Amino acid sequence: MAFNMDSLKDALELSSSPPEGQLETVDLEGIAKYIKSGKAKNVITAIGAGISTSAGIPDFRSKETGIYENLNEYNLPDPMAVFSIDYFEMNPKPFFQVAKNLYHPYAKPTLAHYFIKLLNEKGILLRDYTQNADQLERLAGIPEEKIIEAHGSFHKGHCVKCRTEYPFEYLKGCILKQEVPKCSRKICDGVVKPDIVFFGEPLPDEFYTGVKRDFPKCDLLIIMGTSLSVHPFCGIVDLVKDGVPRLLINREYNPRTIAIVPMHFNEPDNKTDVLAKGDADDICLQLAELIGWKDDLLQLQSTRNAELEREFEEERKKSFAR
């Protein structure tokens with residue numbers, strides 16, 4: 001499906017008149033006051049790989065540690081080929097060698113993931129739009145119906161030949177061994193591809209239907225851990241109504257992004273856009289403290305991590321028993 005920003009804006013009938021509730025101050029405290037005032041009833045989060053790095057999962061573009069910086073051994077025509085559907089169809093092996101870096105079997109959600117979960121517990125999370133395939137939102141306990149996995153996930157996979165569906169458990173062993181999973185049907189020897197979106201593939205239909213359904217309702221957009229450089233996901237940032245506050249939490253902000261996704265951080269009449277540069281976990285903790293949710297956030301993290309550790313321990317025991 002082609003993604004045309006102007007036609008989608010027209011379809012959403014985005015208002016040109018700013019709604020009530022612009023920020024008192026265009027900083028993190030202004031966002032906190034906006035949430036505390038009760039004006040944020042339908043919060044959308046848009047997240048990228050940067051919120052998972054503290055869980056041990058590398059992002060794509062960081063120098064030295066990013067996935068694209070560590071692909072020399074695979075003799076690829078270019079680093080992005082490992083996620084190209086055309087290259088995958090010719091040679092899937094490099095992807096499954098790299099996939100181990102994207103899946104850490106005992107990784108726990110980060111504080112940023114739990115902040116999204118807390119938004120849901122407070123009854124104000126409309127939807128979480130994620131570029132990540134690591135499933136940490138699910139592990140954090142965010143309800144599945146609140147998550148739009150724009151780039152798919154490892155949650156399940158399909159044979160590229162016969163389209164037989166396979167659960168993640170079928171894929172997991174091969175990913176950890178860096179092997180190519182094959183269809184188990186006797187009449188088929190197709191590769192089982194995880195349901196993640198490769199370059200050259202369309203985004204899932206639920207992404208587009210979700211955008212049309214959710215963004216007209218959005219009254220606060222929180223963007224975390226993304227450089228806003230991948231189309232069409234980055235375009236959703238510009239689909240909120242005029243006057244709706246937008247918070248970008250990221251280690252850096254590339255000014256060239258302004259040409260793609262207009263945000264108004266340095267404009268004198270800016271009343272809506274806030275840039276919080278830094279680690280997503282640290283910023284989320286600061287924001288939670290400003291709202292008065294710090295104890296709730298830390299308790300949520302502690303309780304869920306303890307549950308996950310018990311689950312992981314059971315999995316380890318089963319693995320050793322095999």
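The backbone N, Cα and C atoms fix where each Cβ goes, and this holds for glycine too.
In TrEMBL, annotation is done automatically, which means it is predicted and not curated.
Annotated by TrEMBL as region 'Disordered', the relevant range among 1-20, 21-40, 241-260 is 1-20.
The Cβ of Asn132 (NAD(+) binding site) lies under 8 Å from the Cβ of Ile47, Gly48, Ala49, Ile51, Ser52, Glu149, His151, Ser153, each on the same chain and at least six residues away in sequence.
Sequence-ordered, the extra residues of this chain that approach the Zn(2+) site, with Cβ no more than 8 Å from the Cβ center of Cys159, Cys162, Cys183, Cys188, are Val160, Lys161, Arg163, Thr164, Ser184, Arg185, Ile187, Asp189, Gly190, Val192. Cys159 (Zn(2+) binding site) is 38 Å away from Arg251 (NAD(+) binding site) when you measure Cα to Cα.
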